[in-house]
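Down below is the structure, laid out as structure tokens.
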Amino acid sequence: MSNIVPSNEPNNTSSSSETSISSPITSTSIEHKPALRRNRPGTKLEDAYQFPHISLDQIDSAFALQEYLQSLIRANRENIDALVELPAGQDKETWQYEHLRQLCLELNYLVIQLEAECTSQTCPEMKADDWQYLCAAHQAPLNCCAIDYIVHTLDGATTLLNSHKYFPSRISIPETSLKHYQSIARRLYRIFAHTWFHHREIFEAFENENMLYARFLKLSDRYELIAKNLLIIPYNNNINDNQDTHNNHNNESSEIFSRDME
């Protein structure tokens, strides 16, 4: 009842008071209210993430760098140089970390497409051309079928990147944890390599839609994540000359995706 204007109060006074006090507050709140950047429940997949790309300094979030990278990808996944370019004022180690996390997320979509064709019967070993890899997600490296190796590799990389022991912060990476970047990148590359050599149609269809391998290759080149002699997928129609070193190339003894690293 205290909010009701008395009937004997002049109407012009009430109107003047409401105009001079309430209107500026309402106007200000509308002008400065940040845009809602989330998908509402029930949003169709084709309508998801249809909000505009904004600069990194406009994102107020504990996961700002991740959200910025994902926004860049949605805005133009074909602009590979822009995707891997270090944002101004950001730490390059943290930027690489977010890229590796994002690669793991998107590679899961490739796994879904592989499952119908890459089975324990069709691919009983994890191979890429003449290379053969043993799976280190066990007490001792084992010869897993390709699809199991791929799933184990993604699980291992994801577990490591989410480990509070090795990566306790999303804004600062411990110096001792940087050594894992090359190891993770090298093993993720094997997923691309197996798909390219043994499931070419799936690789090409996935790449045409997502350009994930092109981004991965640019990231690896920019930050020197993978040695050139380990890149066995043909580049500009030329295969690496070191073919004689490819046979039976197993995981190193320093493999990090072991149980004691969880």
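Cβ atoms here come from the backbone N, Cα and C positions, even for glycine.
Copied over from TrEMBL, here are the features:
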BINDING   Cys118, Cys123, His194, His199  Zn(2+) binding site
COMPBIAS  1-29  compositional bias 'Low complexity'
REGION    1-41  region 'Disordered'
REGION    241-262  region 'Disordered'
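Positions of the features from TrEMBL, shown on the structure.
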residue	record	CB count, 10 Å
Cys118	Zn(2+) binding site	21
Cys123	Zn(2+) binding site	20
His194	Zn(2+) binding site	25
His199	Zn(2+) binding site	20
